[in-house]
Ligand SMILES: [Zn+2]
């Protein structure tokens, strides 16, 4: 609040100047930032409300816990867990929820190979973390929009996009995704086949979206934890050095020291001594903390800290590089005027540490620092390495886009409150090709079960960062004199690469980001380009195409085992609105009897069921459409032929 008052005071002063007529471009640029007030433009009572609301959502999320998976939990007659019972999942057997997201659920999602357990955890987390936020979020959206409009923006999404200082930002993102989608679809098709080998085609549909609980991650955002199920050439030295880190007795501090040594090898800054004293690198046992890793610049040129509940894994070693990249950027621009001490755009800030990690994770570097033995550059090892990188960098892309696509549409009013969850699943299916493993409805609030929604952190920066970090990597590799395939490049100890990186980072936000890109590329381009990331993965793309030649590429919604979206809103498009296509007889039985109140025996021969409620009743009972009587149609074309524009819930 105090910061907001100060900010407002500065704003009051700044807006008295006719700054747009000033002759100095940097000063005009400073004014253009100072005169945007953000949420501090709200009247004091609303500002207070918005601040408290955000705090409440964050605390609620970070305190969320679930019960242990208990296979003796109440079952339906057919043996399935009674997931669709009305009772609160955690209270019906009187258990005390003790498992928190980090580390417990993150680990469970990563390591469990029991689809029932995964499905339980997937759902219980959303019940505990997402659902309670739904009511708060609507008010949060109203207030955020009000603040944005007071700053002259159309809505809060428009305000967020202004960070990128371009009018066609959405078009740029759409264009990049269109270039990358074919690679994603190849990866998706290959992974789907491997999951069918593991779980069978009654759980994973051969031509459908992949059920979201089977990808090793709570949000299916990266798939690195199912490398064991999907690795192209098994039996070769693993490029995941987690076990070696543990065997060699690495501590969290050691991992951050390792990361620091990479920065120093490039001639960049070591971490200041306060960093080592004040950072929180191990999860405290005496209190709840938000474990989501973050890096902090206390803006006094001395105090920089990281908060990370570090586990000894390769993933966390990479995250250590990521977070330290933020601090390195902070250090590089610390001599800029205060208002320019920021990333050229938010994506640049996210990219720095990842750029180094692209080198640090190469087998040749891991060998160099004694974490990996005997790497040979055979074709099979190369493909294994690129594949493991793709489970992170390529698998992430659609999620990196859709989180904000959803929020932009919520802020603009295109998604109304009654469509929060169904539209979320529209995007999840259409962009990621993943489906909910059980029915969802509009009492659920699945977006809220992802940190950045309650914490109100914009997300598309990560998508852009994943593109731009490969542009950085390509240019730094060129500066380092690398020749050969881009994925083998390691810039460790290259002073030339370090100098180029410093030149870009030290600009901070003093110039628009296209100029920073121009510095990076020695004037060759000032655009975001998908070329380098595609070049990096080119050998993998060819390999995937040859592996997938008999595979269905892409996904059909109506092939989902459970396409778990139920919307009571009549305007939702028929195909995306709902529907359960139930291939597994036991799943079909449980859903049909417990959820729809239908008799199972009628449908045993039908692989796909299209269920439609009585539209008028469904609309009356917003959010409760599951309790309506359902008509069953043998296939969707019958339905469309009969009533092409009927309301569909
Ligand atoms: Zn970050």
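A Cβ is built for glycine as well, from the same backbone N, Cα and C atoms used for every other residue.
Bear in mind that TrEMBL entries carry predicted annotations, made automatically and left uncurated.
Copied over from TrEMBL:
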ACT_SITE  323  active site, proton acceptor 1
ACT_SITE  323  active site, proton acceptor 2
ACT_SITE  452  active site, proton donor 1
BINDING   164, 461  chloride binding site
BINDING   322, 326, 350  Zn(2+) 1 binding site
BINDING   322, 326, 350  Zn(2+) 2 binding site
DISULFID  67-95  disulfide bond
DISULFID  291-309  disulfide bond
DISULFID  477-489  disulfide bond
CARBOHYD  526  N-linked glycosylation site
## Note on the structure
For residue 164 (chloride binding site), the closest of the recorded positions by C-alpha position, picking from 67, 323, 526, is 526
### Query
Looking at Cβ-Cβ distances, which residues of the chain lie under 8 angstroms from residue 322 (Zn(2+) 1 binding site) while being 6 or more apart from it?
293, 350, 353, 354, 357
### Task
Using the centroid of the Cβ atoms of 322, 326, 350 as reference, list every other same-chain residue with Cβ within 8 Å of it (recorded Zn(2+) 2 site), in sequence order.
295, 323, 325, 349, 351, 352, 353, 354, 465
### Query
Hey, which of the recorded positions 164, 452, 461, 477 is the loneliest by Cβ count within 10 Å?
452
### Message
Out of 67, 309, 350, 489, which recorded positions have CB atoms lying under 6 Å from ligand 1?
### Response
350
### Message
For residue 67 (disulfide bond), which of the three DSSP-derived states applies: helix, strand, or coil?
### Response
coil
### Task
Out of the recorded positions 67, 309, 323, 452, 489, give me the one sitting nearest to residue 461 (chloride binding site) by CA distance.
452
### Task
May I ask for the distance between residue 489 (disulfide bond) and residue 323 (active site, proton acceptor 1), taken between their Cα atoms and rounded to an integer number of Å?
22
#### Entry: Minimum Cα separation from residue 452 (active site, proton donor 1), reported as the residue among disulfide-bonded residues 67, 95, 477 that achieves it
67
### Query
What is the number of other Cβ atoms found within 10 Å of the Cβ of residue 489 (disulfide bond)?
24
### Query
If you skip the near sequence neighbours and keep only those at least six away, which residues in the chain come within under 8 angstroms of residue 323 (active site, proton acceptor 1), Cβ to Cβ?
293, 294, 295, 306, 308, 353
### Summary
According to DSSP, residue 291 (disulfide bond) sits in coil
### By Cα-Cα distance, the member of recorded positions 291, 309, 326, 477, 526 nearest residue 67 (disulfide bond)
291
### Message
Give me the long-range Cβ neighbours of residue 95 (disulfide bond): same chain, 6+ apart, Cβ under 8 Å, in sequence order.
### Response
67, 68, 70
### Query
Compared by Cα position, which of the recorded positions 291, 309, 326, 526 is the closest one to residue 477 (disulfide bond)?
526
### Query
Far apart in sequence but close in space: which same-chain residues, 6 or more away, have a Cβ under 8 Å from residue 326 (Zn(2+) 1 binding site)?
295, 297, 306, 349, 350, 352, 353
